[in-house]
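Annotated features in TrEMBL:
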- 53-181: domain 'VanZ-like' (DOMAIN)
- 12-35: transmembrane segment (TRANSMEM)
- 47-65: transmembrane segment (TRANSMEM)
- 97-116: transmembrane segment (TRANSMEM)
- 128-152: transmembrane segment (TRANSMEM)
- 164-184: transmembrane segment (TRANSMEM)
- 205-230: transmembrane segment (TRANSMEM)
- 242-269: transmembrane segment (TRANSMEM)
- 302-321: transmembrane segment (TRANSMEM)
- 327-344: transmembrane segment (TRANSMEM)
Amino acid sequence: MVSFLKFYSSSFTIALVLWPFVSVVLTLPILAVIYRRYHRLRFSAVLASYLSVLYLLGLVAFTLYPMPDDPVAYCAAHHIRPQLQVMQFVQDLQTHGLSALLQLGFNVLLFIPFGFIMTRWLRWKPWIVLPAGLLTSLLIETSQLTGFWHLYPCAYRYFDVDDLLTNTLGTLIGVMIAVIFNLISPPKETDHAVIVQRPKLLHRAVSYALDMFLVVFTYFPIGLGGVYVFHKKALPQPDGSYLFHGFTVTTSLLDHGVQILAFLAFLLYELLIPATHRGQTLAGMFTHMTVETKPRQGALRAAFYMARTLVLYLPLCWLVSDRGQNLPIYALVLLIFYMVARQMPYDLIPGSHPYQSNQFDQFDQETSAPRFAASTQDYRPSAPLL
């Protein structure tokens, strides 16, 4: 038994070492999904998400690692064939005793968290989770059979059809545990029609980061394609400029063109879309938040969006123009401002109807209770504020 545990200890160590790094990479999508589901940050949801990341890393490490050090020597000495006889584990139990029993139990245990995570945390239906567990097991076994899809020159672990059965059994047990857990402690349902009227700083930052990915994925391919066409069609001149369709063009003009594309993409995602969709950007629609914390109309609404565009465009402008060294100081200033004022600078622009401020205060969906007890009704805007 000690040798059995020792065999898997290195795989578990690898999973633990990779866990913080992979978690950092996945932090943005994890937080985005949490805000989409719960509209606020919940410790239990964060803990469950990062434990799920650790489990997935462990699943990969336990089933595909370690690889033999010398591929040539190993493949010359070993010719691993798939085990395709169903219920072969019965004979293995009689022949190998405890080691076969431990291997069998480990294959069941390995997929119990899979069934629980998919049913309890991701809220998949059991009749979907079971085939998903089987397909995941099949993917792992096929990876072992093909030498991790030919990254290794030969199969270095067995494809065992019985593993499909034991892994699926583990998934079923995990589903049953999750169903019982749901009966004892039903998961909290969130009304997805609710829009967070006063998002906190982290909620804003997550949505802004997602929007910036959309901005970059919009302007960068267009700019890259334009530069490629330019260099294919333009004729270089002795002074370092280019002749393009009869016009003399410098490389600085190309840089300005990319900056203009970035600005137009920013205006699309951070001005046009929220101004016509109740203050919701595309990321805001995903995370259920609005950037408009007060009802504004006319000049006040225009001033709000002008101020917001200026404050939020500066980081992108600096990045595009290679002045990113200003970002840490700027971010620190905004952070200090928010910690003191509990709002962003553009939120200081007053609303059009001061007498409605109490009504909006009570719709703060990221607080544990409404600020005013006059009403606990959720905020569901019925029409754009234009």
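Note that the numbers count up from 1, one per residue, in the order the chain is shown.
Every residue, even glycine, has its Cβ placed from backbone N, Cα and C.
The stretch from 12-35, 47-65, 97-116, 302-321 with the most CB pairs below 8 A to the transmembrane segment (205-230) is 12-35. Taken residue by residue, the domain 'VanZ-like' (53-181) breaks down under DSSP into 97 helix, 2 strand, 30 coil. Sequence-distant contacts of the transmembrane segment (327-344) (same chain, six or more residues past either end, CB-CB distance under 8 Å): 201, 204, 293, 308, 311, 314-315, 318-319.
Remote same-chain residues near the transmembrane segment (302-321) are listed as 208, 212, 215, 255, 258-259, 262-263, 266-267, 270-271, 274-275, 291-292, 296, 327, 330-331, 334, 344-346, 349 (criterion: CB distance under 8 Å, separation of at least six residues from the stretch ends).
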